[in-house]
Amino acid sequence: MLLRRCAVSLLSFTLLAPTRADSFENTAVVRTIELGGSLVHVTTTFAAKALEAGSKVYTVALGDVEKQRTSWLEAKVKGQSKPLPVLDRVADSTNGIRLVDITLPQTLGLNATVNIVLETIQTHATYPWPERASQQEDQALKYETDLFVLSPYHTAIQRTKIRSPSPSIHSYTTPKKLEDFTLDTPVTKSGATVTYGPYNGIAASANEEFISKHQQPVVIHYNYEYPVAEVPKLKRSAEISHWGANLNIQDEIHLRNAGPALKGHFSRLEHQTQAFYKRSAAHVIPGITLHLPPGIRNTYYYDLIGNVSTSRLRAVPSVPKNAQTNQYSVLELKPRYPIMGGWNYSFTLGWDAPLADSASWDKTTGKYIVRVPVFTSIPATVVNEAEITIILPEGATNVEFATPFPPVSSSMLTHTTYLDTIGRPAIVLHFKDLTERHALPIFVSYVVPLSAHLKKPMAVAMAFFSVFAFALVTRRIDLRIHKK
Amino acid sequence: MPTAFPLPSDLSPATVSNTASLLRIVALALISGAAIASRLFAVINFESIIHEFDPWFNYRATRVLAAKGFYEFWNWFDPTAWYPLGRVVGGTVYPGLMATSGVIYNLLHALNLPVDIRNICVMLAPGFSALTAWATYMFTKEMKDESAGLLAAAFIGIVPGYISRSVAGSYDNEAIAIFLLMFTFYCWIKALKLGSALFGTLAAVFYFYMVAAWGGYVFITNMIPLHGLVLILMGRFTSRLYVAYSSWYVIGTLSSMQVPFVGFQPVSTSEHMAALGVFGLLQLVAFTQLVRSHVSSKQFQDLLLIAVVTTGLLGAAAFVGLTYAQKIAPWTGRFYSLWDTGYAKKHIPIIASVSEHQPTAWPSFFMDLQFLIFLFPAGVVLCFHQLRDEHIFVIIYAVMASYFAGVMVRLMLTLTPVVCVASAVAFSSLLDTYLDAAEPEEEVAEASGTAGTPAVASKKSKKAAPQAEAGNAFTDIVAAAASAKKGDSPKVKAIYGLDTRLAIIVNALGMLAFFVFHCTWATSNAYSSPSVVLASTNQDGSQHIIDDFREAYYWLRQNTPETAVVMSWWDYGYQIAGMADRPTLVDNNTWNNTHIATVGKAMSSSEEVAYPILRKHDVDYVLVIFGGLLGYSGDDINKFLWMVRIAQGVWPEEIQEPNYFTPQGEYRVDDKASRAMRESLMYKMSYYRFAELFGGGPATDRVRNQQVPKVGPTLDYLDEAYTTENWIVRIYEVRKEDLLGRDLKSANAFAKGKKRKRSKPLSRRRALL
């Protein structure tokens, strides 16, 4: 019996009325783009005014490219911390525009205003330019986006700020033909920030007509001083053991440097010289630092050919449940070799954690509830594909699970290991384009009857018993042909 | 009867035997535990990793076996080894080791115990060492008794001479072979003693297992016939010998021919002819016995003479004839090098270049065997004392193995078991003598004594008497020696009192204790290094792991195309195949001398000469080991002369060893290095940009303690692709041909902006004239 639920309460309200352009008006839209390597954070603030009483659903629009890149989306009312329920409108996305309905906390009266903050994280949005860089050269990336924030409503004033992590911006697009919206310079740069706008009086733009007429791409070419890491494939398996009171988590990580590919060859001499003068090249990944949960033990880090000895772990003891602490076991990983642009490195990382830290037992229903994080976030890194396998104890029944966001696919299978007789139920989940914001827990609940707990000791005892019984019998059988 | 110390008298024989058997089981269990535990230094100090070179191939083959099943493994053709030739792996390996691991792996997985195949491979040798201890116990029990057996088991369990080949991770054929060797010998002795066809067949089955597991099976193939021959010559032919030998030889030979790598060798090569000859001889002798029981003695003597002379002549003639007709292969080179230690260096440099094929230095006997080495002759002498059939076996074994261990370092391994057995016999005789509580009867002493207080006098004299009831070989020797010295003494010679006993026993136990300390020390210090990983200590005393090999191999594995061919000296072939998973030109299975010589030629000739060789063999990367920065002495520059020698063996016109020495005959890498040396690919790849690392200071090669030239070599046909953290492994990429058709040297010069030298000075001079 498998019941799927999603933690993000995708309220299945039947209120799927087509957005009417006259239900809201945007008094101001400000989009802030924080440029990065693998991840680009985009925060858009909509100051909206209801044009009719009883408005509850506000709709935002994402363009074609933006739609593909956005892997995390969260809407809030400004100043509040609770995210608002959002619903993808699948039906209306044929014209390359994705419409997302945001349900406001309360119904708005006529001319009432609300500030909605839409936070998105884009992945695979930047690319290295030039595509190849030698060991001494700097790393520069290009980011491309649309000039206008699309909205199904009329927008009074709109601006876009693009913040680069360093002030050295090589180039940025100066948009043309903006006489309809502004008379000033269409773009200004100050320090590390490039501002497009303000542009005034933009009509409802979430339609093909506006896009073909006014929308234009904006490209910014900037220096990036940190490596661009990417995880093409991550496999996590979490194994729950009640006998060992243990939650084992093992990650198989394939790490890739998505920065500019190394031009020419790697010279150890230059690498050592740079390290000596503390001028390491920006696009080298010398190592990564991970925040693992507290209370872990038996941490292991190996790759296909054995243990990697170059890592350091500072473990902290378990913290009591519900305690508000930010304690982590810090693991500093160093790959076998510095990962230059375009190089790969795959490794396995695993640890044991006390089960009590992440599991609890519900007395009333007799169910165990276990919390398993989707993945351990690697800072500023995107995980392209993730496969999460949660292996439950042998004999677990009534398995239910809740994911913090919908998986690409999910399935159940039977995993047989360590003296199992009937195998253990396992949940397999696939995700894609995970960012640091996705490192949220999956909740699994199940029932393990006492008979299932006792199955393994019984099986082992039976095996030994039968061996002894066999020995007992064979000792007493005389197979000699010539009896003396 | 007086005793030196009180003995319990109210024990029933059943209690005694039960207790003794329980104690034996406990002792054997503890010995097994000690044998396994003492081999785990490598795992604890480093990690669960496959060691050295050959084990990497075995491990790789085992993985294929575990993943794809036995038939796939049997038919496995490996296109990545010996590129472009490939290697038929299934038919060129002794599959016993891999099959053993595969069976264990499948068994554990059938029980739902998901043990990693690597851990099985790593732990196989320690596991089998416990079995070896048991087999040695059984063998020695046949020689003397259980107590000697336990001592022998304890010795073989921890003796460094065996540990050196069976630490955890040393996943090589020897790991299981010594167990098989000892168990085959045990079955043989048992078969001989009982005249049992069952034990003869068991010996054959384990012989087959041994053939499938290790090339050293030839040792058994010749030991057992030799034993049989000596027994016949000593006039000890019995029907028991006939049954035991015939059942062993027939079943053993037929089954050994099922191993593809062995095939028809048991009937076609000289190494196996002794077994066949003794088999024939046994039939003759048995037939003769039969005839003798039917004809009169005079006729028989004539018949015997004629028959023996003719069959002997015919047999020898047939052997020589078949050898000349090439029906029987003559002795192989490896075999010759056992008789003439200089043979290999002259004729087969590849064999000579392997360090474990060198003659043994005498300190290593003490290192590997410690006090066993001087107990060993005593044990052999004790064997002469009784000289039962099985003692003759030990004596022959001791003589043969001692010789071979002196010739080749690796054959120390075959000597070790017999040393343990003989020493255990000697040591247990000593303990038997001095732990025996019996003292001679007072009356006897008084009767023979002449002094006033005979007991005290005889205690002081400390002389052993020929005791009839002791019947102990060691006592006999002591007594014989004593009586030879003193002549016929009227006093009763025996061991009196506790103090004499204690003096000997405490000394003996002290020797055992020192032996344990020595074994632990030797194992942890000398034999537990994986050699893939090097250990050094940080300034604060903590262990620092130098992991350059795996760094380079993993880089190759992750960042080069899967078909990239890597050329390196053959030592690293198996490791590259196992860890980097890339095709290699040559590897540790040195079956093709020409191919190895080709690599040697490429390494030892100049870039211009080497480049076509590299391109013709599709080489993408060249890997060299360079220890100059760290002082790692096992690097390629130190092995370089062997490359030169092996290349010279095939191309004597192009490569000459003397060219690589200075005119004074020194092997140098500094300014005075010879031209051939400086221009060789190996030298260039090793020292490329090495001097720049020192920032203008004197660049010292810490292995050879020489200062390399400040202006280092330049490379035109290769690019440095990767160098590891401590510069131990350096990988170069072979450039493709220039797109404009220039030779790479001038293309390189052009790219660097150098002007081309005008190449027509002659014509200008002519114009001037």
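Glycine is no exception: its Cβ is also placed from the backbone N, Cα and C atoms.
In TrEMBL, the transmembrane segment annotation falls on B:241-261 of the listed ranges B:199-219, B:241-261.
By the count of Cβ pairs under 8 Å, the stretch nearest in packing to the transmembrane segment (B:241-261) among B:21-44, B:120-140, B:175-191, B:303-325, B:365-384 is B:175-191. The transmembrane segment (B:365-384) and the transmembrane segment (B:391-409) are in contact, since at least 3 Cβ pairs between them lie under 8 Å (pairs 6 or more apart in sequence).
Against the transmembrane segment (B:21-44), the recorded stretches B:88-108, B:175-191, B:273-291, B:502-523 differ in Cβ pairs under 8 Å, and the greatest number is found for B:502-523. Residues 58, 61-62, 64-66, 70, 73-78, 81, 114-115, 117, 120-121, 124, 171-173, 175-176, 180, 209-215, 259-261, 589, 591 of the same chain sit 6 or more residues outside the transmembrane segment (B:88-108) yet have a Cβ under 8 Å from a Cβ within it. Most Cβ pairs under 8 Å with the transmembrane segment (B:303-325) belong to B:273-291, among the candidate stretches B:120-140, B:175-191, B:273-291, B:391-409. For the transmembrane segment (B:391-409), the partner stretch with the most Cβ pairs below 8 Å, chosen from B:120-140, B:175-191, B:273-291, B:502-523, is B:175-191. Within its own chain, the transmembrane segment (B:120-140) is flanked in space by residues 28, 31-33, 35-36, 39-40, 43, 48-50, 55, 58-59, 62, 97, 100-101, 104-105, 108, 146, 148-157, 162-163, 165-172, 175-176, 178-179, 182-183, 185-186, 189, 417, 420-421, 424-425, which lie at least six positions past its ends and keep a Cβ under 8 Å from the stretch. Across the domain 'STT3/PglB/AglB core' (B:565-615), DSSP helix (H, G, I), strand (E, B) and coil residues number 32 helix, 5 strand, 14 coil. When the stretches B:175-191, B:273-291, B:502-523 are ranked by Cβ pairs under 8 Å to the transmembrane segment (B:146-163), first place goes to B:502-523. Same-chain residues lying 6+ beyond the ends of the transmembrane segment (B:175-191) with a Cβ under 8 Å from its Cβ atoms: 96-97, 100, 124-125, 128-129, 131-132, 135-136, 138-139, 142, 156, 162, 165-166, 197-200, 202-203, 206-207, 209-210, 213-214, 216-217, 219-220, 223-224, 227, 243-244, 247-248, 390, 393, 397, 413-414, 416-417.
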